[in-house]
Amino acid sequence: MKRRVLPGLPLSLGITLVYAAIIIVLPLAALVFKAASLGPADYWRIVSSDRAVASYVVTVSSALAATVFNLVFGLALAWVLVRYRFPGRRLIDALVDLPFALPTAVAGISLTTLFATNGWFGAPLSELGVKVAYTPLGIMIAMAFTSLPFVVRTVQPVLEELDPALEEVAQTLGGSDVSIFRRVILPLLTPALLAGVSLSFARSLGEFGAIIFIAGNQPFSTEITALLAFIRLEEYDYPASAAIASVMLIAAFVMLAVTNLMQARALRYTVRN
Amino acid sequence: MKIRLNDVVKTFDTFRAVHGVSLEIESGELVALLGPSGSGKTTILRMVAGLEYADHGHIYFGDEDATDIPVRDRGVGFVFQHYALFPHMTVAENIAFGMKVSKVKRTPEAIRDRVEELLALVQLSGLGERFPGQISGGQRQRVALARALAVDPRVLLLDEPFGALDANVRRDLRRWLRKIHDELGITTLFVTHDQEEALDLADRVVILDKGNIVQEGTPEEVCRAPQNAFVMKFLGDANALPATVRDGKAYVQDIAFDAPDLKDGPADLLFRPADVSWRESGDGVPAQILRVLDRPDSRRVLARTTGGQSIEFDTAPEFPHKKGEQGFLDIRRPRVYATT
């Protein structure tokens, strides 16, 4: 057998496997197990009830909107942070991580205060007839806030590695700014954007703390799926809670699989002979 | 297309990269900008391309003032040292890029035919479907050249085109580029810090130092009559001995060399390693052999003059003398430059 440079591989591998099993696989298995204790008919009744379906619609549509917002804004932010040098750049760079560091409840309370009809943003917006707090728009803003760092932090390193000569050579070949962005920059950023977007979307689907303060939590209009699972839990209806949670779990798995496939497609060119 | 630079200046922040350079490149000529790093050669090339703007002065393409024409409308083909191929496009897509984004619309068939034609020109037929990551460095550089040629540029600009390749590939590509240039007759300007490459490839060599042109001429002119000590040293190995000029003669340890047109005072005597013979007795600068190095086709001798100067010279492989022996250096074709 080949001698390894670093000792302790069996030990570290063992720890990793045990850790992964206890922290990740076990709770998920328990969730599936709990949901499975319902019969298929009951399971289907719970996950397809009007209230549950309404919560999926609110959650997924808000998460999609938040993710699209983060895609555009996160890409712009990463671009500015990488390509320009200006006073305060490092401060902004540090601020990007703040939504990660902040307790989500704090974020939820501050956003609610800001966007309430008497808040700094909410007051002028309500004069324009736009209501944010206690509407799906508020859910979207809370999701966008908490998942902003994902796109920025996945795109930034790729952008830093992007050779400026690629853009220069495209210019000498007669490419306009739009066609250079579309044909050169965007395809090269696509794998990183996909990774960032899928993380951002997953986080938005599962966000709880920041949303419940701003959402109003009205069944059928501003109740997110995570909250519905939580309500069933509070009612000691564990199987129903697990059933609803399992839908979120399946959605997360499917989405990760799809983004991985898309990423593999976008990275075809890196495959060597 | 004739290129003319008229008193071009470029300053980066506080560093003046190019000081008032004027230069003419005739239509169809292949010219090398040669200089050490920081000499401003790449900056000049990038200004001709339009990738940098001149702070002062003008650049003409033929009779047209191109100084303010944006890079995408300037009609230049640019080849970067590290190829700058689009990694997510196949070789064929890379070559087709310029034709696809062009304002001149071409049919997909016309583009495909042109790509095939260019692949044949750069001897890469059949590799069109590969990605840049799947071909060698020399092949990548040929793809970069084909891509630059695809848009029928008015001038071709190459920035250290062979700098990232190993020595054998570099020599082959150099000869091949010369052949392509002779076939197409496109005005070509290339930047290099490798004097052998410049002399091998170019019709005319422009030697730069610290943002100024020091000398320009055919390879023969710059090799046979270097204008100052910098050019002499930069073009190849050179030995230097301190000398004193008196009445049109340069004296090195009482040995006189011709130095017409030079004012009395301190000077440097420069000569090539090949222009020295070793003598056991007679005239010459006295010296002692320090080491003898063997080369495939010669021997290089390291010696020290009694004045303490290190000298290197080349001899036939049969050179019989050994470390420690004393003798005299017979110097041919020396060049004397006033000490600056």
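Placement of Cβ uses the backbone N, Cα and C atoms for every residue, glycine included.
Quick look at what TrEMBL annotates:
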type	residues	note
DOMAIN	A:56-259	domain 'ABC transmembrane type-1'
TRANSMEM	A:12-33	transmembrane segment
TRANSMEM	A:53-82	transmembrane segment
TRANSMEM	A:94-121	transmembrane segment
TRANSMEM	A:133-152	transmembrane segment
TRANSMEM	A:184-202	transmembrane segment
TRANSMEM	A:208-230	transmembrane segment
TRANSMEM	A:242-262	transmembrane segment
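Ranked by Cβ pairs under 8 Å to the transmembrane segment (A:53-82), the stretches A:12-33, A:94-121, A:184-202, A:208-230 are led by A:208-230. The list of residues near the transmembrane segment (A:133-152) in space but at least 6 beyond its ends in sequence, with Cβ under 8 angstroms from a Cβ of it, reads 58-59, 61-63, 65-67, 69-71, 73-75, 77-78, 81, 96-97, 99-100, 104, 107-108, 111-112, 115-117, 119, 122, 193, 196-197, 199-201, 203-204, 207, 210-211, 213-216, 218, 221-222, 224. Using a Cβ-Cβ cut-off under 8 Å and counting only residues 6 or more beyond its ends in the same chain, the transmembrane segment (A:94-121) has close neighbours at 77, 81, 131-133, 138, 141-142, 145-149, 152-153, 207-214.
Residues 50-52, 54-56, 58-59, 62, 103-105, 107-109, 111-112, 115, 132-136, 138-139, 141-143, 145-146, 241, 244-245, 247-248 of the same chain, all 6+ positions outside the transmembrane segment (A:208-230), place their C-beta atoms under 8 angstroms from a C-beta of that stretch.
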